[in-house]
Amino acid sequence: MAACVGSRTLSKDDVNYRLHFRMINEQQVEDITLEFFYRPHTITLLSFTILSLMAFAFTRDDSVPEENIWRGILSVIFFFLIISVLAFPNGPFTRPHPAIWRMVFGLSVLYFLFLVFVLFLNFEQVKAVMYWLDPNLRYATREADIMEYAVNCHVITWERILSHFDIFAFGHFWGWAMKALLIRSYGLCWTISITWELTELFFMHLLPNFAECWWDQVILDILLCNGGGIWLGMVVCRFLEMRTYHWASFKDIHTTTGKIKRAVLQFTPASWTYVRWFDPKSSFQRVAGIYLFMIIWQLTELNTFFLKHIFVFQASHPLSWGRILFIGIITAPTVRQYYAYLTDTQCKRVGTQCWVFGVIAFLEAIVCIKFGQDLFSKTQILYVVFWLLCVAFTTFLCLYGMVWYAEYYGHREKTLSESEDSPYSPDASWLHSKFSKGADNSPPKHPVNSESHSSRRRNRHSRSKVTNGIGKK
């Protein structure tokens with residue numbers, strides 16, 4: 001049955017396409033019980049915005065020019081985030097609240113616009129902005145200028161090995177635990193981990209801090225820090241996959257402890273998707289898509305090191321770890337949208353957050369190349385070509401291994417792959433009314449005891465249950 005939009009008739013495929021794209025780009029919240037937190041407050045926000053601007057304009061002291069610029073920039077960011085809450089899409093997630101993910105998308109748009117602005121500056125102007133943000137950056141030095149790398153690699157002692165377990169090793173471990181939670185695939189995680197170590201070898205002629213002893217690179221990085229983080233992240237993934245999700249109203253919880261537990265669990269996923277990046281029936285487009293995923297991931301990691309080397313700031317500076325934290329946050333919806341684009345045949349376009357993330361990755365690379373021409377003039381083109389071929393080889397090797405595993409052990413794995421936080425079921429009547437002229441755009445209501453695709457995740461191997469946010473054995 002076709003649906004109508006104005007005078008144009010939509011086919012069933014068009015309806016399915018719009019529905020699938022909306023599920024990853026504009027996720028809706030199901031079973032809302034606290035209406036106040038999900039009801040639009042546009043008039044309230046408008047009044048707050050006008051009163052705030054009046055207060056800032058007529059009451060604050062504007063005698064200090066630098067303070068005027070700084071507070072003006074912060075106000076622009078603040079009110080841009082308000083517009084983000086009102087106008088931007090939720091993305092694929094709804095926990096802890098869609099407004100948070102709208103602001104995350106708004107921050108990514110602001111960062112994208114900032115990178116565009118930086119492209120039109122010269123190096124002295126960029127450094128002036130950095131010195132204005134932090135005057136101490138005038139005295140910053142490159143780590144490569146004061147430290148030695150890959151020295152006396154034949155000397156292996158327990159004291160030397162233990163000295164490498166610093167804050168950066170801790171960051172490696174937890175960073176890979178978070179990456180495993182995002183990617184949810186042993187094969188891809190290990191491939192990215194090994195490929196990154198190879199990337200360091202190919203770009204070692206540009207960044208001296210990429211030089212490492214073999215035991216540091218293989219044992220400490222790949223096996224212990226990265227491998228331990230991947231294992232921990234995948235254990236958490238398996239635990240979340242095995243749980244049964246049944247979220248109910250705060251009103252149905254009558255104890256104070258239960259309400260507190262339910263409030264805390266609002267910051268956990270509403271459901272969990274079992275991920276299959278590749279299967280034996282995948283097309284060449286899927287293979288190419290995963291290769292592109294690998295390239296962009298490696299590029300984002302490279303940007304971290306090139307930015308701090310070219311613009312001279314330490315890894316411990318807020319400009320470094322703040323960017324890493326920000327990229328990590330926007331990676332979550334990006335990976336979810338990209339995975340849906342690769343695996344869902346009904347999804348014909350990438351989500352907006354995924355699009356902005358891709359632009360940010362390439363813009364950062366362009367900024368590095370523009371302001372680091374002295375550095376990149378030393379680039380060995382042959383190394384870059386070998387790097388691209390190496391990434392391609394490791395990607396196809398990984399996919400071949402995943403296909404082999406799926407063929408021989410796939411029958412033991414779960415094959416169900418649901419859309420995370422998806423409040424939709426294939427209700428034909430609502431699909432028709434959704435795109436009909438003058439129709440109510442709200443999804444169909446389910447009875448309290450019905451089995452919803454997003455509020456319940458059944459698995460016959462499940463050992464634990466979550467009801468109203470309170471675990472029961």
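Cβ from N, Cα, C; glycine included.
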Check: Ala211 and Val350 same membrane side, Swiss-Prot record:
no
Can the transmembrane segment (103-123) be said to touch the transmembrane segment (187-207) if we require at least 3 CB pairs below 8 Å and skip pairs under 6 apart in sequence?
no
When counting C-beta pairs under 8 angstroms to the transmembrane segment (187-207), the leading stretch of 73-93, 217-237, 287-307, 381-401 is 381-401
For the topological domain 'Lumenal' (343-355), the DSSP residue counts stand at 5 helix, 0 strand, 8 coil
Averaged over the topological domain 'Cytoplasmic' (208-216), the pLDDT of the predicted model comes to 84
For the topological domain 'Lumenal' (124-186), residues assigned helix / strand / coil by DSSP
43 helix, 0 strand, 20 coil
For the topological domain 'Lumenal' (57-72), what does DSSP give as the number of helix, strand and coil residues?
10 helix, 0 strand, 6 coil
